[in-house]
Amino acid sequence: MVTQILGAMESQVGGGPAGPALPNGPLLGTNGATDDSKTNLIVNYLPQNMTQDEFKSLFGSIGDIESCKLVRDKITGQSLGYGFVNYSDPNDADKAINTLNGLKLQTKTIKVSYARPSSASIRDANLYVSGLPKTMSQKEMEQLFSQYGRIITSRILVDQVTGVSRGVGFIRFDKRIEAEEAIKGLNGQKPLGAAEPITVKFANNPSQKTGQALLTHLYQSSARRYAGPLHHQTQRFRLDNLLNMAYGVKSPLSLIARFSPIAIDGMSGLAGVGLSGGAAGAGWCIFVYNLSPEADESVLWQLFGPFGAVTNVKVIRDFTTNKCKGFGFVTMTNYDEAAMAIASLNGYRLGERVLQVSFKTSKQHKA
């Protein structure tokens, strides 16, 4: 496939940059970039059978790559059709956009753009939908909501055993105003084939007031506990990470900052104390993968607490080193809240790691 890709490049880009890519896709980019994001690209509409090596080979032909990741489904391992590339040189990133944007690969026309920084107009555009007919497909749900704006991602939650829809879904729009219009138009309405009205509301992100309270607590805690040369850097990491969680802000620091045990320690006061690490009790058990070796239980409390009642968290540690083995478990009492947490945190970037979050199955690691 690599040979075919390079051949396609030669035939398509000889006359200059290709035309615009298709208008809809899983994630967003921007035609411009801030000084801190001129090396980080998002690539949409990749062929599903494209491998990580082929993805790296394609973009590595432009210049030196710091990192690249083809995003895959956490369960099936199949490509989700998009990925991220971070170049060493901003000029190479710009060249990749001019050279590869609009490149046709198999039946796809790829879109290459700068990873879009957050802004008020695009934040919090994720909707939670309940009461959907069990027979409604993801495509039908998208058709229902597409009249209100551009849909970025959609998902219908299914039973892990039977594969049957739970009647709960998520829709992420391009802009918040589109999500607001969808709520006005569809909340309380009966779609075709529905016996009951559906509920459409914003996914349960922490409110601005809650976020501000967290920030205040965090700064007070850090001021008491840390001083010296590390204080400012640690404080900045905490602020960035908390903003990322509370407001959906994806600032450059969160993309490159290493996961710091010092920073996490400062968050422990926000999550409560007296955590026990035994087996999960009654409720919905969530599997969290790709945690840092330095991660502890306070990380999981801090991540999942804003979505609802958490009864237990557990980080699985190596017996010899006492370091996190890369995964842990969270138990939440309410299914809808657990589902919202999964939909919001799966793919969440924590430090340099992208978390994989799903309902626990028998195939996954056991505590």
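Glycine is treated like the rest: Cβ placed from N, Cα and C.
The domain 'RRM 1' annotation in Swiss-Prot covers 39-117, and the record cites sequence analysis as its basis. According to Swiss-Prot, the feature domain 'RRM 2' maps to 125-205, an assignment based on sequence analysis. For 284-362, the entry in Swiss-Prot reads domain 'RRM 3'.
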Query - Averaged pLDDT, computed only over the residues in the domain 'RRM 1' (39-117) - result: 85
Requested in this report: Helix, strand, coil: count each for the residues of the domain 'RRM 2' (125-205), based on DSSP.
Outcome: 22 helix, 26 strand, 33 coil
Query raised in the report: Using DSSP, what's the helix, strand and coil tally for the domain 'RRM 3' (284-362)?
Result: 22 helix, 31 strand, 26 coil
